[in-house]
Every structure is written in structure tokens, then in C-alpha cells.
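Some notes on the structure that comes next.
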Amino acid sequence: MGREIMAAIDHQYILGGVIASVLGFILLYNSLLFFLYANSSRKSTATAENRGSKEVQSQGVSVTTPANGGFRSETDGSTDVIIVGAGVAGAALACTLAKDGRRVHVIERDLTEPDRIVGELLQPGGYLKLIELGLEDCVKEIDAQRVIGYALYKDGRDAKLPYPLENFPSDVAGRSFHNGRFIQRMRQKAASIPNITLEQGTVTSLLEEKGTIKGVQYKNKNGQEIAAFAPLTIVCDGCFSNLRRSLCTPKVDVPSCFVGLILENCQLPHANHGHVILGDPSPILFYPISSTEIRCLVDVPGQKVPSISNGEMTQYLTTVVAPQVPHELHDSFLAAIEKGNIRSMSNRSMPAIPHPTPGALLMGDAFNMRHPLTGGGMTVALSDIVLLRDLLRPLRDLNDSAALCRYLETFYTLRKPVASTINTLAGALYKVFCASPDKARQEMRKACFDYLSLGGVFAQGPVSLLSGLNPRPLILVLHFFAVAVYGVGRLLLPFPSPKRVWLGARLISGASGIIFPIIKAEGVRQMFFPAMVPAYYRAPPTN
């Protein structure tokens, strides 16, 4: 009898959550309309201010205006596009544009194999974009591992969350790998294309004449100062870009740091799955990066991490983190700490706030970043490349910089729904997954785990967003608030009390306080109503 009563209550929770989700959506829709009009007014003012301050922006340290009367107004015709940076975004973009017949000059600061602890998981949605670009062979011959879902851990419980791959070819899945191996494969692919020049050099400034970017100034590997010219310069020089200030308004936030370890010769509890432990104070990640290696990323909130050099980090990992690691990985985790190859890296997020500039475009992490918890960075970059390729294909040449700049404002609009969904999900999930002394936040965290554990549509919807297979803003908001009202329903059933009602109200308020600021930073109108943005309808300039 007791079990039947508990089962009935569980069904009440679910039914109550669904009904409350519908009511929550109605309230949310009204809120979004308010944000739409408020954001529209703010954007109009900001656009006028940006135009009025254009001359000031062009005087930044990364823009050079010559004192000798100016550079050539026309290029010598040997290069169509200069790409600054040959990471994932830069190398993939070079291959893509070269396949369409563009002559591309890629300048990369260091062409040796990178050694990073992030950028190691390509979601299925990103892999689909890789296929669309014809670059899927770049994940071959690097011991890349198939990833078919996630395993979520909390307080000794775990839930498997498979990717919804039923309607896709059998090859479609996530891929995890050594970041440097993947980038080197992309660079090799680029170097093999005849109309790509791949060169090692450090770009020191953009070359500007009368408000138009004409090319770049760089030092080659021999230290020689060289000026390179092209009708279009695309900056993809990564999260530490020193050129972005000329092309966008950078608002970089550093919410946490990742501490990286490699576990060797052990098995994950759930093969071919990424593992997320909802630890205290913040999440711990495990995923395979080769057939014998598992990457562990320990999130440390804030901008400072315990010192690695004086042993504070070893003490932290051993006493605070190790007790929270699944027992199947515990011994290997301690062995990795003992081995001592501990790395750290700041986690950065930055909404895309571009300054449309004739002759130049900003892409990749130089342009837009999100917390790497969900591994969505490469998916956003590859999606942007597909979009830019399709926009540039109708153009025979790129020499009309003013017309091209006006046309490429379409790029900033069309990318928003996909990129903003992935960005918002990453920021919101990180805040929900972190431990908190606040009771309402604790309830939200529990509700999120239990909601995903229900399986079916409750798991498939969020995982389809996480995987990049269905990045739709409205679905994201619906599931986020469904989690919140599910948590409220659990508080109110079977017998609400004033204390629980108040806690439920705080939970809804806290959820709104998490997601709405992120949406506002991304841009409400561009994210939910891109068709209302004039640039959405711009046609290619006629040559």
C-alpha cells in the first residue's frame, strides 16, 4: 500500500509539473515581450552610440593607421581573405573558403601542436557541422572516442542521459580527443589545399584606412615586419585575442577555473559517456580523450585556484575532490594527482557584441565564449562557419567593403538563435549545478537532477539542446522553467505549508535571476525574434 501511495504521489509530481510548465510558459511569454521592447530600445541607443564613437574605437592599440599617406586602396589580387589564427575555427574556415575558390592567407602565432585541457569534446551537433563542411576525416587517426551521452551523478545516485540519435546515421555521435591532435589534423588539411597559404607569424595590428580594414601587420617567424593585404580579414585568434577590441565590445567574465588531470588505464563507469558529478562546490567532469586516457576537469569557482607549486592544489584535490569521485575512478584519480601533471585554465564567457567594421569580421572564441561545462564552443564555431560560407558563396569578389560589411550584419543576426541557445544553456547549467548555501538554489539543483532522471521527454529535450542537435531558444526556456516548477510542485505536494510556499516562490525567482540576465546579454530580439531585425532580410550585394 505504501508503495502505491508513493507511486501516485510521483505521478502527481509529474502531472503537476506539466500543468505548471504550461502556466509558467504563459507568464514567461509576457515577460519576454517586456524584455523584447526594453531590449529593442536599449539596442537602438547603443547602436547610435557605437556609430558616434567609431573613430574613437579605431584608435585602439590593435589598429594601425599609417602616417605616410595611407596604404593601397586595392589589394594586389593575390589574397581574397586573411585569417588570423589557425585553431579549430581558423583552420576549418580556411578549408571551407578555399574549397569555394577563395585564396586564403592564414597567419598563426605557433604552428606546433597545442596542449590544452579544454576543446576536447565535440558534441553531435558539431560533428554534423563538420560533416557539412567535409571535414569529418579530421577526427580520424587521432584515437578519437565516440561519445553517445552523459552520466549525471549526485549524492551517490546516477542517471544516464543518452543523446537522441535515433533519427541520424550510425556514424553521428559526439567525439572526444586530444585538442592538439584535432587542430593539427585541421591544419594539415588546410596546408594540403593549393589556394591556402599557412604561415607562422604574430599579427601585431590591423591595418586601417579611412575606417576600413585593409589587412594586417605581422612578424613572421624570422622576426621580419610584414604587411599583408586582402579585401576581408577574419580574426580567429582565440580567447586571449589582442585584436578583438577593435571589432567588438568585450565583456569577459571569468566565473571559474578548470583544473585538469589525465587518468590512465582505467574504465569509466558508463562507457562512451561524459560523466558530470554535481560536486561541492562545483561540477567535476570525466570523459575519454583516447583509448587509454580519461580527462578529468575539476571546476574551481572564482578566478583564483589553489597553488600548484606549493602543494595546495594537491591537498585540495586529495581532501575535497577525491571523496566525491565515483569509486570506480577513485584510485586512478589519486594516482593522477600523485603523478603531478596538474594543469589549470580560466573559464571565460563573453556575449557577442560586434562592431560591424568594413573589411573585417570576428569569429570563434575571439568573438563569443561560453562556460565550457557543456562543451558547446566548437559546435558554435562550426555552425558559424557553415553560415558564413553560405552567405559568401553568392559573391564573386569581396572588394566592396562597405556593401560587404552591411551584408554581413546578416551573419550576426542569423547566428543568434543557435549560438545564444548554447551559450545560455552553458551559463544557466553551470549556475544550477554549483552547490550553494541558499535553500532555494539547493532545491533547484535537486529538481534539475530528478527532472533529468525521469527520462523520456524530460531528458531528451534538454540533452538535444546540450548536444547541439536541436538548439532552439524557446525549448531551452520551456525546459528550464519546467525544472523550476517541477521543483515547486515537489515542495507543495502532498501538503503545502507557508514555509514551503515561500521557498517555492524563491525558487522561481532564483531561476528567473539565473536565466534572464544571460538572455538579456545575448539579446532578446535577436535570440527569439530574429525576423524582426532588419539585417535578417539583406540580400547579397551585386558585383
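Heads up, the Cβ atoms here are built off N, Cα and C, so glycines get one too.
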Transmembrane segment according to TrEMBL, located in which of 83-101, 501-519: 501-519
Residue distribution over DSSP helix, strand and coil in the domain 'FAD dependent oxidoreductase' (80-110): 12 helix, 9 strand, 10 coil
Average model confidence [pLDDT] within the domain 'Squalene epoxidase' (229-502): 96
